[in-house]
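The structure appears below as structure tokens.
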Amino acid sequence: MRVMGVDPGLTRCGLSVVENGRGSQVVALDVDVVRTPSDAPVSKRLLAVSDVVEHWLDAHHPDVMAIERVFSQQNVSTVMGTAQAGGVIALAAARRGIDVHFHTPSEVKAAVTGNGAANKAQVTAMVTRILALQAKPTPADAADALALAICHCWRAPMIARMAEAEALGARHRQAYRAKVAGEVKATR
């Protein structure tokens with residue numbers, strides 16, 4: 001499975017592509033950070049991020065995209081910009097029929113380091129080790145994008161099993177309701 005990991009942002013947006021192999025083996029194929037000037041209009045910044053993401057989607061053909069879920073921060077304008085960038089990125093993937101999954105920062109940290117409260121240095125160190133990189137990915141947005149992709153590779157089987165279980169549960173509920181409705185009609 002080829003996964004594109006995205007750490008969304010307007011000033012810096014981390015992008016990565018990894019491929020998983022046997023077991024927990026993951027190989028990094030590409031990583032970069034898109035930068036936009038903070039003094040540019042938001043629409044221009046979103047367009048710049050979108051253009052680069054669309055190029056990456058066309059060049060790398062990921063099977064799935066993993067985006068960091070925006071969480072509440074103190075700075076509302078930062079949250080808005082991050083959410084807007086994430087929306088533009090998810091839309092680009094959806095237009096190509098690519099599944100998009102969102103992971104919280106604590107899910108990513110727990111998957112990569114074993115500690116949902118790990119700091120940036122710990123995440124970067126583990127990403128470097130997991131991918132057997134010669135150098136630490138910089139800036140932190142690049143490491144975060146790789147961590148998101150790794151997280152999804154490792155969580156995808158569980159996500160698929162949960163979806164199957166939910167679908168089976170829905171079928172059982174529907175069958176049970178039909179049975180009960182039939183029994184009610186029979187008693188009338």
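Even glycines carry a Cβ here, placed using N, Cα and C.
Taken from Swiss-Prot as is:
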type     : residues     : note
ACT_SITE : Asp7         : active site
BINDING  : Asp7, Asp141 : Mg(2+) 1 binding site
ACT_SITE : Glu68        : active site
BINDING  : Glu68        : Mg(2+) 2 binding site
ACT_SITE : Asp141       : active site
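According to its DSSP assignment, Asp141 (Mg(2+) 1 binding site) is helical. Mapped onto three states, the DSSP output places Glu68 (active site) in strand.
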